[in-house]
Amino acid sequence: MGEESMEEKASCSSTANATANANANAAPTPSPDDISHFLHYFLLRSSSSSSSSSHAQRDPHHQQLHSLFLSSDIHRPPPGLPPAGDAIHAADSSAGGGGVYLPSASGPHAPSSSVGASENETDEYDCESEEGLEALLEDIPPKLNPSRSSSKRSRTAERRRSRINEKMKALQSLIPNSNKTDKASMLDEAIEYLKQLQLQVQMLSMRNGLTLHPMCVPGVLQPIQIPQMRALFGEENENLHTNPINQETPTQQTTFGPPDQHTSIEPPLTNMFDSGPTFGLESSLPIHPGPYQLNSASEADGFSKTFGDNGVMENIWMLILSLVKSGLENGHNRLYICYVGLRNKLFLRGRQPRTSYIIHMNVQSMPKVFSDHHNWYLNTLSSVSENRGEIPSHKLIYTYSSSLHGFSATLSPAELDALKESLGFVSCTVDRPLELHTTHTPEFLGLGPALGAWPASRYGEDVIIGFVDTGVWPDSLSFHDEGIGSIPLRWRGACESGMGFKPSSCNRKLIGARFFNKGLLANRPNGTLSMSSGLDTAGHGTHTSSTAAGNFVKGVSYFGYASGTAKGVAPHARIAMYKAVWTHGVYSSDVIAAIDRAIEDGVDVLSLSLGFSSGGSFLGDDPIAVATFAAMEKGLFVAASAGNDGPLHWSLMNGAPWIMTVGAGTIDREFYGMLTLGSGATITFPSLYPGKPFLGPLDIVFMGACDDVPKLESVRGKMIVCKDKLGINAQVEKAMTARVTAAVFITEVSVSEFYTRSSFPAAFVGLRDGQILMDYIQRSSIPKGRLVFQKTRIGTRPAPRVEIYSSRGPFVSCPNILKPDLIAPGTQVLASWAPQTPVGEVKSGSLYSTFNLVTGTSMAAPHVAGAAALVKSVHPDWSPAAIRSALMTTAYLLDNTRTPIKDIANYNLPASPLDIGSGHINLSRALDPGLIYDENPQGYISFLCGMNYRPKQLLAITRSVSHCIKRSLDLNYPSFIAFTDREGSHSGGNFVKEFWRTVTNVGNDRSAYAAKVIGLEGIRVRVEPDRLMFKQKNEKLRYKLTLEGPRLSAEEVVHGSLIWVEDSGRYSASSPIVVTSLVQESPFIRSKSDRQV
């Protein structure tokens, strides 16, 4: 393989990333002996000053290193730009608000080849996913635990705790004589240990005494919390949202300066809470002081040694506290974002032109002599090779085991002919370039131009979707009005003039834009707004609205990833934006005003990607619940995000029964890069690296722990390999400081989206792939490697899966309604973005883009809003409850492997309805559901009466004097949840729960349905009648569902489904059923999965 001739010009910028100052005036220092007070202090109090930069909030690396001590956002505009947009220049400069968000120990982007270290290893980072968890979580179902003895697990966990404790204490003793670089490494290492303990925290959580705030996917979700409100839209990643540098498309271009259209901008939406002491960050879950109630003596012992006094967690936190108090927060850590400006020329000698093929193989035909499919495929390639001296792995591109059985390879015609005669060959196809239909989520929902919901609904035309969000960027191509008819006559809205926004900015697509900030100004009387208009300078509102209803835009991508045609779920629906969310705050008064005006303007569907933390059990305290009750009465369908506080139960927001509550799931698409070694072996890794797509061949050099910056600087121009010992955060930072050309990090830490968005060429691989690389380095005298990025794969399995961050039910204020209602795509959704919001930093300036990949339930809600628009277009007379029913009863429960949808947070076991509701949205059936569960406003009032609401409480929600003529918790809802007393709380007897429901026939005029019950192990289920005979369309029939069984053990969930199946098989309407003894303070439950689905 020849040497590469390459000219590079690296331009790097250093941005100081300061952690929050430990403000002595904010709160007293917690006592080291009071770990409960200590963690409560850091988790729930705000004590930071205003010294941090806005980039520190935007940058994922900084968030990873310093998310423990977040500070307020002080925007630093890009070079040459005016001061930040709607920044409020208040008299007081105090900043505050902080939260602890530990990096995720597991996530959807972990490479499948990663394996834990063996128990005989002495490395500090033993795999906590096995022995460590077993010692603490012995009440997890047996199939989750490897078959090791309890004593062996306990000894292993004890050794691990002892090692960590000794190291934390040793590091703490070194702090007084350490420089800031050493302190930064110590902080990184402490964070690494916290990552190892995260899953334990999430599962056991501290039912009493300590309730840790839910943890988020690092670099992807940084929740924005403000007085009494959580804006979910701020929890998505806003980093590096640009197209490939030096790469242009017909519709977008990355620039190093701000676009010309507008000159006044507001700072990115990265931290939206006022920071005064009154407005400190508050946990979304209540704290219940008191002793822990652990299930066994061994669990109690392990839990105490990990989290109790003088435990591992306390020692780690005390080290972090000492580091912060010692002055580390004053600005040591710096982020270097590097960009190699010139494309290199790749030259490989001796390669003959070949064609790439996808080869399908029959795995049952694999001879037993081979240890795995990979070796079999390599042997097969070797047997058909024209050049017997060529290494088979040079031909192999990928080995497939999930999406298909087989492999891809480059072959000559003669080799292909020979391969067709080989044992196990099934078929082959040419590896053609694909035109990906970005965001790809419409295809994943079953939408297409020929048949189905799009043509039947005329792409949602004339349905008006309103968004309460950060505004809209009207010049986005997603909002062009080509192919869209005149504005509906019933529209009463307006396009309000404001700074940078003219009424002429609207068209037949974007038909309205208003802004609401009086509440903000009232709460900040000394502040001023410099961008008072509906213009989106944060990006979030543009993203959500284009996700739901963006028009077709060809040739878009995210740095070459997910390239194709962008479009919303309802491409011809109309958009009305109500900007009530501002960079420095969002208040309920503004949100209610926005919803109120949306009702008056004639909006049909309302999409809300924000939420208020539940302050109690009364729905009237939730301004969104109150405002949307009125919207429901006026016929508006409301879709709202469930929140990004998963995976704990009781973490869900927006759970009022008249709101469709949407959780988030994955789709069958992944982004990756490829490392090709000089031997021809290839290693794939998850990647969203935004730089040039090709790098190398480069010499490979192993640098051990990569803890010496001068040594790293000495090997620039080469590809360094680092082995995870210091902690991956420290290694990444040192590599950036040294401005290395490229790096491969071998780690047993699960690779999250934070790492995939590296600002320099980097590959993060697991231990198994790392061993392949290390073996090659040891065998080769001059090891070389080549990196390729910007790879996208469609059809990955299993999909969908419910995301770890998606909030779970029940809903605190209304537990008698099963929530969430369903899940929709929420991870790495590509949609339009505000191009004046900087998305990355390089030495020559900020990077900008018009499209962005974002993750969160904020992205899931607009998918459902768009789906509702399609249903509304076909059935304009249907009520919001009827539309909700159509979407819920047609949702699917099986993934693309034909097995139950998995829960990423629960070891990929089948998800329960408390995670996914009715399942994943399925638009191929929603427009013609057969049966619907309809409801009217009076039904909701009767339900509130059944919750024993007093007249004044009813008045607060319904806005009218309501008399409880009927009190009933039997809302005509297409799902069921029954709470039972815990086993032993009452002596003897079974529980019995009855539900009454009414279904309306919207299918064939004459039809018959039979009841089918699946799941609900141990529960006796009766459906009366078990057959429904409809004589005409729109006829209504009533049935009773009775659940009976023994009282459940503590914190147990049993679930299943009731399915009404039409005799011809054309229709089926499914409703989830949950029976549980779960109580609010229980963050972890054991679920008896529906094994019959």
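Any Cβ shown, glycine's included, is placed from N, Cα and C.
Since this is a predicted model, take the numbers as computed values, not measurements.
What TrEMBL says about this one:
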REGION    1-32  region 'Disordered'
COMPBIAS  11-28  compositional bias 'Low complexity'
REGION    72-164  region 'Disordered'
COMPBIAS  103-118  compositional bias 'Low complexity'
COMPBIAS  120-137  compositional bias 'Acidic residues'
DOMAIN    148-197  domain 'BHLH'
COMPBIAS  155-164  compositional bias 'Basic and acidic residues'
REGION    244-263  region 'Disordered'
ACT_SITE  Asp469  active site, charge relay system
ACT_SITE  His540  active site, charge relay system
ACT_SITE  Ser858  active site, charge relay system
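Shown on the structure are the features that TrEMBL records.
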residue	record	DSSP (3 states)
Asp469	active site, charge relay system	strand
His540	active site, charge relay system	helix
Ser858	active site, charge relay system	helix
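Counting every protein chain shown, 32 other Cβ atoms lie within 10 Å of the Cβ of His540 (active site, charge relay system). The 10 Å shell around the Cβ of Asp469 (active site, charge relay system) contains 30 further Cβ atoms across the protein chains shown. Across the fold, the C-alpha of Ser858 (active site, charge relay system) and the C-alpha of His540 (active site, charge relay system) stand 9 Å from each other. For the pair Asp469 (active site, charge relay system) and His540 (active site, charge relay system), the Cα-Cα distance reads 7 Å. There are 33 other Cβ atoms within 10 Å of the Cβ belonging to Ser858 (active site, charge relay system).
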